[in-house]
Amino acid sequence: MIQAPDLPQWAALVTGILLLGGAIAALIGSIGLVRMRSFYDRVHPPTIGSSMGVVLIAAASIVCFSVLRARPSVHEVLIVVFVTLTTPVTFMLLGRAALYRDSAESDDRMPPSR
Amino acid sequence: MTVTALAWTITLAQVLLGIAMCCAAWRVAVGPRAQDRILGLDTLYVNAMLLLITFGIQTGRTLYFESALIVSLLGFVGTVACAKFLMRGEVIE
């Protein structure tokens, strides 16, 4: 299970730092999902993972494969664009659904309105 | 030397992403309401997609990239369908 591509030293350093940064960002987002109190607080932390985590890990993949093949390899940009476009749509739909459900049951979990 | 260090770094990143997936799975299991579970599911699939890209870097194959793309696509459709179901009570009107 312990294996890695044979990269030159600078590329290995850049790939490792980007990869660890992305993984830590995703972990922080998921821990925030566990720790927050109400649903309306919980919507926010996962976006750390789906913005910064995706960008950093895709950048690590771009560096790794570009150096391995000795030509630019940018198809990971596709994943970044797709996730960046879809995450706000998803969470806005989910937030509106939660707001609708809470107001239909008229309970006190709703955020204070202005 | 460089290869060993990079290999351990990749493994560490995979372990961190696995812990992140466990946190999201805990939120799916505990709830307390349906929207919390859907939120946990969304985080779970994003973390799984990141883990697949990491596997792709580890093995040097592009096969994992394609599966990561499919996971992100189907995960988006699934979450939107679940949110729509919570809102309306049916998916296709």
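Every residue, even glycine, has its Cβ placed from backbone N, Cα and C.
The transmembrane segment annotation in TrEMBL covers A:12-34 (among others).
A Cβ distance under 8 Å defines the sequence-distant neighbours of the transmembrane segment (A:46-68), meaning residues of its chain 6+ beyond its ends; these are 5, 7-8, 11, 14-16, 18-19, 21-23, 25-30, 32-33, 74, 76-77, 79-80, 83-84, 87, 91. Per TrEMBL, transmembrane segment is recorded for A:46-68 (among others).
Among the features that TrEMBL reports, transmembrane segment is placed at A:74-94 (among others). Sequence-distant neighbours of the transmembrane segment (A:74-94) (same chain, 6+ residues past either end, Cβ-Cβ under 8 Å): 43, 46-47, 50-51, 54-55, 58-59, 61-62, 66.
The list of residues near the transmembrane segment (A:12-34) in space but at least 6 beyond its ends in sequence, with Cβ under 8 angstroms from a Cβ of it, reads 4, 42, 44-50, 52-57, 59-60, 63-64.
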